[in-house]
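Comments concern the structure below.
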Amino acid sequence: MLFKQQAWLRQKLLVLGSLAVGSLLYLVTRVGSLDRLQPICPIEGRFGARGQAEFPLRALQFKRGLLHEFRKGNSSKEQVRLHDLVQQLPKAIIIGVRKGGTRALLEMLNLHPAVVKASQEIHFFDNDENYAKGIEWYRKKMPFSYPQQITIEKSPAYFITEEVPERIYKMNSSIKLLIIVREPTTRAISDYTQVLEGKERKNKTYYKFEKLAIDPNTCEVNTKYKAVRTSIYTKHLERWLKYFPIEQFHIVDGDRLITEPLPELQLVEKFLNLPPRISQYNLYFNATRGFYCLRFNIIFNKCLAGSKGRIHPEVDPSVITKLRKFFHPFNQKFYQITGRTLNWP
Ligand code: A3P
């Protein structure tokens, strides 16, 4: 009996404790008391010569509280400083590469308080119909943010679509461009796996990877196969370099983002002139998923959807060897142009 009472008391205390912590967090995120909080770590100079003082901490901390509610339509005008929120054109775009880890990169960058992501792939520059709707249409697709924050969107089809570099250049010739790449053969298999899953969902049969990647007549690599062509990174990059200098690109190692995301993200923070605010706290390895997941704070965390991190089909090792040999010279050129050596086989 005594034991039961003690258990009851313990349970009540636990509930009361959770309520108290919950209320405190509620107040901290909803009320202006945020202004009195200290920054987690010192904020260094960013956004040009005028420096950090211009970047209101309040804007950073409100990002996932009020802005989130605003997007969901849950908050009143008093809570959200509506007049400060704007839909801004992106200052950086993740232009590709498909299956390189573009979603993981976008979501992880969004952990940074000064970054606001466009959740959907907008496909403005690669889709003629969308492009014809004009830049205002594009801007209105962007999330609300504070002027000091930067908007980032990702549409991996941009990297391989002929017209895109010129179109982006016309919008903003000094935009920052992020390309996340993976070892080309692995990326091609990942690409194939995604298409295969789509076919299976529709109860359709599909060719084996080997049959698509190798031309049965010549027994050489089939360069007409899109998954192979997309992995010839240097060919696509060369088209972009007709419009943008190499300094405007940053290459993210997608294989490393899987196993060791923080250093890759820190390089991106530097490239974007953002103060280093993403920390190991924001990233935790989820053994069940087999990937790093995201932690925004003590309450909110998330892993990427199951469509990210599919199990690849087994591929004939001789085909893998052939593909790796095929990609090798293109990779060397890619390292040379970008200045980033990735040690792919
Ligand atoms: P696989 O499905 O081949 O494993 P994209 O977002 O460009 O489509 O890229 C998908 C790839 O992102 C996945 O490819 C997966 O390996 C990779 N990825 C990188 N970090 C991840 C993470 N934290 N969670 C899930 N997938 C991640």
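Each residue, glycine too, has its Cβ placed from N, Cα and C.
Note that the coordinates shown come from a computational prediction; the quantities given were computed from them, not determined experimentally.
According to TrEMBL, the feature active site, for sulfotransferase activity maps to Lys99. For Lys99, Gly100, Gly101, Thr102, Arg103, Arg182, Ser190, Tyr292, Lys308, Gly309, Arg310, Ile311, His312, the entry in TrEMBL reads 3'-phosphoadenylyl sulfate binding site. Residues or ranges marked as disulfide bond in TrEMBL: Cys293-Cys303. Marked as domain 'Sulfotransferase' by TrEMBL: 90-334.
Feature map: annotations from TrEMBL on the structure.
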residue: Lys99; record: active site, for sulfotransferase activity; contacts (Cβ under 8 Å, 6+ apart): Pro156, Arg182, Arg187, Ser190, Asp191, Gln194
residue: Gly101; record: 3'-phosphoadenylyl sulfate binding site; contacts (Cβ under 8 Å, 6+ apart): Ile180, Arg182, Val252, Gly254, Leu257, Ile258
residue: Arg103; record: 3'-phosphoadenylyl sulfate binding site; contacts (Cβ under 8 Å, 6+ apart): Lys154, Leu304, Lys308
residue: Cys293; record: disulfide bond; contacts (Cβ under 8 Å, 6+ apart): Leu283, Tyr284, Phe285, Asn286, Asn301, Lys302, Cys303, Leu304
residue: Arg310; record: 3'-phosphoadenylyl sulfate binding site; contacts (Cβ under 8 Å, 6+ apart): Ser190, Thr193, Gln194, Glu197
residue: His312; record: 3'-phosphoadenylyl sulfate binding site; contacts (Cβ under 8 Å, 6+ apart): Thr186, Ile189, Ser190, Thr193
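Among Lys99, Gly100, Gly101, Thr102, Arg103, Arg182, Ser190, Tyr292, Lys308, Gly309, Arg310, Ile311, His312, the residues given in the record as binding 3'-phosphoadenylyl sulfate, the maximal Cα to Cα distance rounds to 19 Å. For Ser190 (3'-phosphoadenylyl sulfate binding site), the Cβ neighbour count at a 10 Å cut-off comes to 21, with all displayed protein chains included. When secondary structure is read from DSSP and collapsed to three states, Cys293 (disulfide bond) falls in the strand class.
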